[in-house]
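*Asks:* My questions will all concern the structure given below.
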Amino acid sequence: MSPYIVLLALAQAILQSSNIHLTTTGSLVALALTQNESLSTWPASVSISVMLLITIPASLIMARYGRKAGFVGAIVVGTFGAFATVIGITEQSFAWFIGGAALMGATLAFANFLRFAAVELVGSEWRARAISYVLTGGVVAAIVGPYLSKWGYTLVPQHGFAGGYLLLLPLFALALILLLFVRFRPPTTKPAAVRNSLGHLLQSRRFLTLVFLGAGAYVVMAMIMTATPLAMHHHHLGFEATTEVIRSHILGMFVPSFFTGHLIHRFGVRRIVISGAILYGVCILINFQPPSYWTFMSALILLGIGWNFLFVSASQLLTTLVEPEHQSAAQALNDFVIAGGTAAAIAMTGALHHFAGWQVLNLWSAPLVALLAVAGYSLGKQRPTNKAA
């Protein structure tokens, strides 16, 4: 195993912390700046939208100039974004804050490729574990992200949340230093080849099934996770209880990364995908039980673990079942669809929960979970086409 995987995991932790911090505090900052609830979700929405738009260009940039240039450039952009958010808060400017959120979204688009960069640094037998180890950075992010505003409050006490965004500046600098020490593979795919690959991949049933597996895992998770605070509020469970449930869910998403790669190596990707789908199914069954703090807690933990099994498996399959010459385009399309599907799922969840209810929302997820199991089973029988180290 390459020692650079540890550096990538630490960089992942820092960059995901910035995203969790923006997600946690962005709506509150926007509300304070505008006094308009309809604008409170704009920072997160703008960040996700920019991430979606930048995903494919990010892959093209790294195909031409290399991983290091892409990641370092993205962190520089993110640093300007964090600085802009600080200006927005201190100067009471919503436009500056939204601009900063947009730049941070662009940084996240590049950060999502860290798991694929890790695969390029190891042999084929280590791919699942490399992806899994990089995703362990999410454990640190789940702890650090929500607390940045609390730790930074004393830095700029007269401007509340500004201190948390100010702390992102040294964190981004640390991430940049870490990535400068990583010896990435030089780029081997020309941007023109990436563009030519897009048409080939869109006609590949195997690739489309791969994308469905990764995106479907994210969509189910996003729908149930987003609706959970609404359901808990509906059943008169307090904000602290909701916070604990969501925090436990995030830990459930990333703590298994310490061993998911080993499980895939030992038992095979097909069994891990089906296990993830089963965990999703159990989560849905629990959500049909009489609601309580512990039913929400247990369901969301299982949802997080199931997501980890499915997402790590889908990422590993993408690196082995797609030909090397099509990898850059495949990664770009895959993450583009995942981001778009997740954004759409989050956008529709509120209305679905309001008009149909918590149990119907879970019921609608069940057929998708069954299809995920079928997709994982069929892909697990495929023979690898990318065995390069």
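Backbone N, Cα and C define each Cβ position, glycine as well.
TrEMBL lists these features:
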| type | residues | note |
| --- | --- | --- |
| DOMAIN | 192-389 | domain 'Major facilitator superfamily (MFS) profile' |
| TRANSMEM | 44-63 | transmembrane segment |
| TRANSMEM | 70-89 | transmembrane segment |
| TRANSMEM | 95-118 | transmembrane segment |
| TRANSMEM | 130-149 | transmembrane segment |
| TRANSMEM | 161-182 | transmembrane segment |
| TRANSMEM | 207-225 | transmembrane segment |
| TRANSMEM | 245-264 | transmembrane segment |
| TRANSMEM | 271-288 | transmembrane segment |
| TRANSMEM | 294-315 | transmembrane segment |
| TRANSMEM | 336-355 | transmembrane segment |
| TRANSMEM | 361-380 | transmembrane segment |
*Asks:* Residue list, the transmembrane segment (70-89) vs rest of chain: Cβ under 8 Å, 6 or more residues beyond ends.
*Replies:* 11, 15, 18, 22, 29, 33, 58, 61-62, 95-104, 106-107, 109-111, 113-114, 117, 156, 159-162, 165-166, 168-169, 172-173, 175-176, 179-180
*Asks:* Output the single range from 130-149, 245-264, 271-288, 361-380 maximising the number of Cβ pairs under 8 Å to the transmembrane segment (207-225).
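*Replies:* Most contacts with the transmembrane segment (207-225): 361-380.
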*Asks:* At a C-beta cut-off of under 8 Å, are there same-chain residues at least 6 beyond the transmembrane segment (44-63) that contact it? List them, or none.
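*Replies:* Hits for the transmembrane segment (44-63): 19, 22-23, 26-27, 69-71, 73-74, 98, 101-106, 108-110, 112-113, 187, 189-191, 193-195, 328-329, 331-333, 335-336, 339-340, 342-343, 346.
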*Asks:* Count the CB pairs under 8 A between the transmembrane segment (95-118) and each of 130-149, 336-355, 361-380, then give me the winner.
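*Replies:* Looking only at 130-149, 336-355, 361-380, the most contacts with the transmembrane segment (95-118) come from 130-149.
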*Asks:* Excluding the flanking five residues on each side, which residues at least 6 beyond the ends of the transmembrane segment (271-288) place their CB within less than 8 Å of a CB in that stretch?
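*Replies:* For the transmembrane segment (271-288), the list is 213, 217, 220, 224, 260, 263-264, 295, 298-300, 302-303, 305-310, 312-314, 358-359, 362-363, 365-366, 369-370, 372-373, 375-377, 379-380.
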*Asks:* Which listed range (130-149, 294-315, 336-355, 361-380) shows the maximal number of Cβ pairs under 8 Å with respect to the transmembrane segment (245-264)?
*Replies:* 294-315
*Asks:* Report the mean pLDDT of the predicted model across the domain 'Major facilitator superfamily (MFS) profile' (192-389), rounded to a whole number.
*Replies:* 85
